[in-house]
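A.B. asks: Attaching a single structure in structure tokens format; questions to follow.
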Amino acid sequence: MRRAVGFPALCLLLNLHAAGCFSRNNDHFLAIRQKKSWKPVFIYDHSQDIKKSLDIAQEAYKHNYHSPSEVQISKHHQIINSAFPRPAYDPSLNLLAESDQDLEIENLPIPAANVIVVTLQMDITKLNITLLRIFRQGVAAALGLLPQQVHINRLIEKKNQVELFVSPGNRKPGETQALQAEEVLRSLNVDGLHQSLPQFGITDVAPEKNVLQGQHEADKIWSKEGFYAVVIFLSIFIIIVTCLMIIYRLKERLQLSLRQDKEKNQEIHLSPIARQQAQSEAKTTHSMVQPDQAPKVLNVVVDPQGQCTPEIRNSTSTSVCPSPFRMKPIGLQERRGSNVSLTLDMSSLGSVEPFVAVSTPREKVAMEYLQSASRVLTRSQLRDVVASSHLLQSEFMEIPMNFVDPKEIDIPRHGTKNRYKTILPNPLSRVCLRPKNITDSLSTYINANYIRGYSGKEKAFIATQGPMINTVNDFWQMVWQEDSPVIVMITKLKEKNEKCVLYWPEKRGIYGKVEVLVTGVTECDNYTIRNLVLKQGSHTQHVKHYWYTSWPDHKTPDSAQPLLQLMLDVEEDRLASEGRGPVVVHCSAGIGRTGCFIATSIGCQQLKEEGVVDALSIVCQLRVDRGGMVQTSEQYEFVHHALCLFESRLSPETVE
């Protein structure tokens, strides 16, 4: 009987244990990673084995004792299985909240300045609730705070770190109030933390902003919203660039069409030329007195292609042009005095076959104008014309540019020594260097021309381009050969593009056979003066180098005073070096600013000696010697302003 009663009691206890009455939640000790992964967790259910054990025991009991109480005992299964029902596992519940509502991974949006990151050697995927509780208590003890004030915000598996924050003592549940990380770390007992939590292997405790800020910012950038923002920004940028390119292309097409229209409408009108009647028409057989015949007038119209079309009109219907040479305002290269293409074919430069340049009618007319044009201005007239800029512009447009046809220079490969392929030296006034050998004609070439001065003085100036890397030796050879006392440089080394190379040394340099020494440097307001000594063998020459740097890019100076002062200083040095060679003047191409300086210098001498000035004749004379001198109408006006400023300084006694 005792055996019959004891066995069911034992089965009852086993079923109670299987129902969870004595064991609390055994799955609390599962790893955090198992809960976090949201995968189904299979928990071993003790009740299944216990059920099997009970069934076996009952079968044995029935077999041995055959007691009528067997039916009553077998009914205990339903009572045992229904007592203390186990709730189904819900993965949405936080593992840390199941046993301790105060200990949970909160995942709150805490500012980076309030977050502390603790780096562990221990794998954080193995942390369960017990270990996290120990960790929180250890951190709280090291800070001297309550464990409830230490909050584990999240676990960072990639870097094996625990992110936590500390709340004030009066924090209410659900609030995100937290203390500053820097303030918390100042009160942290690091040694105590390592001693109290040795099993975690704490390697570093730092604010979140120094450890994870870059990662968070990168996560924000490559988030869905960040990706859309980048795509939108790139799309807007591409649209803007495309619109700018379209506008630029439309502007280029408009300028091209306007330029083509100007070329089509370009005409040169010559003054009427009386045509003599044929002798057979002028005489009558039976009369000694011949009536005067109204002379017919031949008008010659030269189209842009250089073809002459004669047109005969009666003199009574012919209107005389107020100017002997009138030209509509056109571009710089169209006014070059030649219809030959400006493109220089480098492959044809090596040809040694001699050729003869034939002047076209237009070139002959242009040269006649350059040699005869004149407009003498008194001092009062000079002041008046300076106030009328439109008159100066119209006058400038009538002056032929007189650029040189490349075929006129019979030197193979001379294009390698030209800075600009359309700016070439006039052959009649070209500076020829002494050849290194008889067969090397290229060694005699330099892009420079002798320029006549006041009263037609020969070789008063040399106008040349800014030296290039391969022409620096040629430049110094020319200065030595011509015994030039002064060099005037009116350009910077670079203005958007390279304008001139640095062709002088800092102290001493050797260029070919010429040694150059810098003996002194003087800084003035608008230019720098260098005293140079040139040596070749036992001979020496003293040269002054003026570097004018105040000329602005792509326009004329606002005031002519600095250039006028430079001109006066150069003129003083030239007079002190009487008997020596020409003054060398260069800018970049050797025609624009160079022409302004030389024209101003000649005009000032004329005003000083005669009391009048003929700027038109001066510029025409310069273009005969070197094509394109005084390159733009703005520079032509600037020359008149400089002459007017010089005139205002002359004494009233100067004869007009």
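Cβ from N, Cα, C; glycine included.
Values in this document were obtained by computation on a predicted structure and should not be read as measured data.
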A.B. asks: Name the one residue among Gln536, Gln621, Gln631 that Swiss-Prot lists for the same substrate site as Asp553, Cys587, Ser588, Ala589, Gly590, Ile591, Gly592, Arg593.
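C.D. replies: The record-listed residue among the candidates is Gln631.
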A.B. asks: Pick from Ser287, Ser315, Ser338, Ser577: which one does Swiss-Prot list as phosphoserine?
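C.D. replies: Ser338, according to Swiss-Prot.
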A.B. asks: Candidates are Ser167, Ser271, Ser323; I want to know which one Swiss-Prot annotates as phosphoserine.
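C.D. replies: Going through Ser167, Ser271, Ser323 one by one, Swiss-Prot flags Ser271 as phosphoserine.
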A.B. asks: What range among 269-289, 290-310, 416-436 does Swiss-Prot describe as region 'Disordered'?
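C.D. replies: Per Swiss-Prot, the stretch marked region 'Disordered' is 269-289.
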A.B. asks: Which whole number is the mean pLDDT over the topological domain 'Extracellular' (24-226)?
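C.D. replies: Overall, the topological domain 'Extracellular' (24-226) comes to a mean pLDDT of 65.
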